[in-house]
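Take a look at the structure set out below.
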Amino acid sequence: LLSQFDPDNTGYISTEKFRSLLQRHGSELDPHKLEVLLALADSNSEGRICYQDFVNLMSNKRSNSFRQAILQGNRRLCSKALLEETGLSLSQRLIRHVAYETLPREIDRKWYYDSYTCCPPPWFMITITIVEVAFFLYNGVVLDRFVLQVTHPLYLKNALLYHPQLRAQAWRYLTYIFMHAGIEHLGLNVVLQLLVGVPLEMVHGAARISFVYVAGVVAGSLAVSVADMTAPVVGSSGGVYALVSAHLANIVMNWSGMKCQFKLLRMAVALICMSFEFGRAVWLRFHPSAYPPCPHPSFMAHLGGVMVGITLGVIILRNYEQRLQDQTLWWIFLSIYVIFVLFAIFWNIFAYSLLDLKLPPPP
């Protein structure tokens, strides 16, 4: 093909030859992929198409030059919107629904709809949810309590939660997500991370979503160790709030392009649920402790998760199928996050002794 349409081996094909190829073989392509190819041809003002862009598109890859050509093009997508298509199976309707829930551009929604194969499935969010529920049920049986487990005198003896006296045990900065204050705490976190996290993982993949989630979890526990130094931490709110805040910020930033139904109402419901859960955490933090002098768990992990969501999370969700290594803001926010982590590590090593804090006794 390249030798036939590019005899001089320049790496480019003229738009006229490119159009003739599309007319000849267009019936063999997915209709949405054909539309993207036409958009690529119409947006190019130099009269030629990069052959590698064509290969990338056919192999479900998008190069930087291809993305720039689409972004700079002025051709409107002429065929009917994906939302108007009929006769779809249940799985196809689900994929279409996810596309409209998370992506602001029609061309990206069609690209995702044609490319998604459910292989691999959204395993990360499902797995982390199952593990969290399993640990909660186990603790419920051991403590013989499912509501406000955190008020049980033996609750803090678990090796997973974060406790300021045991901050040298580094795994606790992450494993505290498997401990919850009670069924009301677990329920809200599970609902939010399934309703928001699973669709996001279906679109952006497990690597990106797990990074945002884990970064929110670590930022949450480190934020507590810096700003609320005498309190323990439990719950997955840091990771959940990172995902939800990133998703909500992405919707606001791309408001006109987001076509999810009742988006204003759904944003309001999500914010109400988050506010309710955060308010519960604040109330519990200042509620008289059942095991003085150790206070109830801190709420600062929520705020750490939100900060990760509106920085790193927004950059990840804004750049569908793009290389984050090429994004300047990605490197800026990643550098800020790394600096914060390093600062918190040194704070944990030196500040507690320098400030001569009176910490609660170890459990």
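For all residues, glycine too, the Cβ spot is worked out from N, Cα and C.
According to TrEMBL, the protein carries these features:
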ACT_SITE  Ser237  active site, nucleophile
ACT_SITE  His302  active site
DOMAIN    1-28  domain 'EF-hand'
TRANSMEM  123-143  transmembrane segment
TRANSMEM  209-227  transmembrane segment
TRANSMEM  264-286  transmembrane segment
TRANSMEM  298-317  transmembrane segment
TRANSMEM  329-355  transmembrane segment
Exercise for the section: Give me the mean pLDDT over the domain 'EF-hand' (1-28), rounded to a whole number. Expected result: 67
Exercise for the section: Determine the minimum-neighbour residue: among Ser237, His302, listed as active-site residues, which Cβ has the fewest other Cβ atoms within 10 angstroms? Expected result: His302
Problem - Sequence-remote partners of the transmembrane segment (298-317) [C-beta within less than 8 Å, at least six residues beyond its ends] - result: 102, 200, 204, 208, 211-212, 215-217, 219-224, 227-228, 231-233, 235, 237-247, 249-250, 253, 277-278, 281-282, 284-285, 324, 327, 329-330, 333-334, 336-337
Completion exercise
CA pair Ser237 (active site, nucleophile) / the residue listed as 'active site', Å rounded to integer, equals 6
